[in-house]
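Colleague: Below is one structure. I have some questions about it.
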Amino acid sequence: MLYKRNLQLNKNGELIHLLSTEGLPKSILTQVLDTATNFVSIGDREVKKVPLLRGKSVFNLFFENSTRTRTTFEIAAKRLSADVINLDIAKSSAVKGETLLDTIANLSAMAADLFVVRHSESGAPYLIAQHVAPHVHVINAGDGRHAHPTQGLLDMYTIRHYKKDFSNLTVAIVGDVLHSRVARSDIHALTTLGCPEVRVVGPKTIVPGDMAPMGVRVCHTLEEGIKGADVIIMLRLQNERMSGALLPSSQEFFKSFGLTPEKLQLARPDAIVMHPGPINRGVEIDSAVADGTHSVILPQVTFGIAVRMAAMSIVAGNEA
């Protein structure tokens, strides 16, 4: 991890910031998943609100664009009855040269209780968490290629929902692992929750061989990677983070690593297919798979709201 290993926990071992799945004990991960279970049904109610964060102010600070993640955080906060402030960072003081910490100090002076931060620089949410007041909490909504803990947790929730238990699963993470903060968050969570086999799958240029110390099996062919898998997590190619020609072409990638109905037959008959989005159809996944019976991509989005509600309610309920 970057910075202090226990920055996310107070002296009693309670979650006060959610910055990474790395370093969090199994009990905390399970607490978030169990709490999310209580929130899933709220979306089906006529009044989709609970008063847990009434009177609290949640600031969404997205220095990097993400419609899906920002929207689900906003929905989650509003369902907890929080006041939500979305900052248009592109037009804000950050463009005018104000430092990140000066921005946070000014927003804290406006009585912020919780910052949801997405930033292109790895470690930015950690820096913020080190400098906020004891009653203020930080949730990392994605920092560089480092971590995306709520996506990792919603992936764990989805897996647990469909597979009940992690102890006998084989999970394959396929695609641009090198640039994926989701892959790192998933790997740390899966190993902590007791998944016995996690595979990372893709060409050598975007699936480094030195990932084995993370407790994963590295596979450089799709056939090896998904054979007998219970769960397949597809990742998009992050061309915006690639410097140089790491891949021949999208078409070549699809030919070798794109998940098609034919290739999916190598996995277990009851395998589920996941994707953090946005999907690039015809690049990492065939439409017939994305829209097929094995796909749980849309339920992931639904569960994401409940998981983000759980994360916000837990951190806001604990003092530093």
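Any Cβ shown, glycine's included, is placed from N, Cα and C.
What Swiss-Prot records for ARG68, THR69, ARG118, HIS148, GLN151, GLY277, PRO278 is carbamoyl phosphate binding site, and it gives sequence analysis as the kind of evidence. The L-aspartate binding site annotation in Swiss-Prot covers LYS96, ARG181, ARG236.
How buried are these features, and what lies next to them?
Modeller: Annotation note: THR69 (carbamoyl phosphate binding site) sits in a helical segment as assigned by DSSP.
DSSP assigns ARG181 (L-aspartate binding site) to a helix.
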Colleague: How many other Cβ atoms are found within 10 Å of the Cβ atom of GLY277 (carbamoyl phosphate binding site), counting all protein chains shown?
Modeller: 18
Colleague: Setting ARG68, THR69, ARG118, HIS148, GLN151, GLY277, PRO278 aside, what same-chain residues sit with their Cβ within 8 Å of the center of the Cβ atoms that define the carbamoyl phosphate site, listed in sequence order?
Modeller: SER66, ALA141, GLY142, VAL182, PRO276
Colleague: Do any of ARG68, THR69, ARG118 (binding-site residues) have a CA within 10 A of ARG236 (L-aspartate binding site), and if so which?
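Modeller: Matched binding-site residues: none.
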Colleague: Give me the count of other Cβ atoms within 10 A of the Cβ belonging to ARG236 (L-aspartate binding site).
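Modeller: Looking across every protein chain shown, the total is 19.
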Colleague: If I take the alpha carbons of GLN151 (carbamoyl phosphate binding site) and ARG181 (L-aspartate binding site), what is the distance between them in whole Å?
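Modeller: Pair distance, Cα basis, whole Å: 9 Å.
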Colleague: Cα within 10 Å of ARG181 (L-aspartate binding site) is the criterion; apply it to the binding-site residues ARG118, HIS148, GLY277, PRO278 and give the hits in sequence order.
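Modeller: If one measures from the Cα of ARG181 (L-aspartate binding site), the binding-site residues that come within 10 Å are HIS148.
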Colleague: Tell me which residues of the chain lie with their Cβ under 8 angstroms from that of PRO278 (carbamoyl phosphate binding site), as long as they are six or more apart in sequence?
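Modeller: Those within reach of PRO278 (carbamoyl phosphate binding site), by Cβ under 8 Å and sequence separation of 6 or more, are ARG68, ARG236.
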